[in-house]
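Student: Got a structure for you, written out below as structure tokens; questions coming shortly.
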Amino acid sequence: MCVTYHNGTGYCKCPEGFLGEYCQHRDPCEKNRCQNGGTCVAQAMLGKATCRCASGFTGEDCQYSTSHPCFVSRPCLNGGTCHMLSRDTYECTCQVGFTGKECQWTDACLSHPCANGSTCTTVANQFSCKCLTGFTGQKCETDVNECDIPGHCQHGGTCLNLPGSYQCQCLQGFTGQYCDSLYVPCAPSPCVNGGTCRQTGDFTFECNCLPETVRRGTELWERDREVWNGKEHDEN
């Protein structure tokens, strides 16, 4: 509503819930969010508000008591920042180089002592490494030689130790991760690009290839049907 003075000037008298020279802002204090007796102070030009807290309270909405541990005991050590989660609980954000619930420990993992993809955790200023399968040692620096334990490779296969793992080299006629399967040349087919596999012996095969157009440089040429003589191969 516009109110006019005798001299011709006037102002806008805003209805409840609106503020500003032209009542263009909603009153941010309409729903008073300030707790514990706090007073809402509107910033009309910005449509925002702040809480002026009663004695003994703090926080954006005056929701925390100044007797909160973050204020009284200051539990976060070594420059850590205390975050109030509720009236009496908190969480510390630690400075780089420190860890622990209250940032009380030096972060022993900062130097990345754990090797080979292992996980580092700090406990009481010391690090502990959780190793991936295939590695051992305080820092997971030692490769486990799986081939020291017999029986990994079946049917006379030879065990080859690899970093963090091992591989079985199979005798003729066997295949699979543990040399536990009979080798059938065309099952599954090794031929690619639509080629057809034909078994030519106990351990040999050939691929009958489809006619294929191949680009070499700027020229196109047609490759006729050809036969590739395959030999036994190790799938591993």
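Cβ coordinates come from backbone N, Cα and C, glycine included.
Owing to the predicted nature of the structure, the values given are computational and were not obtained by experimental measurement.
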Student: Choosing among Cys29, Cys53, which residue does Swiss-Prot name as bonded to Cys40 by a disulfide?
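Tutor: The record-listed partner cysteine is Cys29.
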Student: If you follow Swiss-Prot, the disulfide involving Cys153 connects it to which of the following: Cys131, Cys168, Cys170?
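Tutor: So the cysteine that Swiss-Prot bonds to Cys153 would be Cys168.
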Student: Between Asn7, Asn116, which does Swiss-Prot record as N-linked glycosylation site?
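Tutor: Going through Asn7, Asn116 one by one, Swiss-Prot annotates Asn7 as N-linked glycosylation site.
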Student: State the residues, same chain only, that lie 6 or more residues beyond the ends of the domain 'EGF-like 3' (66-104) and have a CB under 8 A from a CB inside it; answer 'none' if no residue qualifies.
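Tutor: Same-chain residues near the domain 'EGF-like 3' (66-104) but 6 or more away: 56-59, 110, 122.
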Student: Can you tell which of Cys23, Cys34 has the most other C-beta atoms within 10 Å, given these are the disulfide-bonded residues?
Tutor: Cys34
Student: Per DSSP, what is the residue tally for the domain 'EGF-like 2' (25-63) in helix, strand and coil?
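Tutor: Helix, strand, coil within the domain 'EGF-like 2' (25-63): 0 helix, 14 strand, 25 coil.
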Student: Report, as a single number, how many Cβ atoms besides its own are within 10 Å of the Cβ of Cys114 (disulfide bond).
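Tutor: A count of 23.
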Student: If you measure Cys129 (disulfide bond) to Cys170 (disulfide bond) at Cα, how many Å is it?
Tutor: 35
Student: How big is the gap, in Å, between the Cα of Cys186 (disulfide bond) and that of Cys23 (disulfide bond), rounded to a whole number?
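Tutor: If we compare the Cα positions of Cys186 (disulfide bond) and Cys23 (disulfide bond), the gap is 83 Å.
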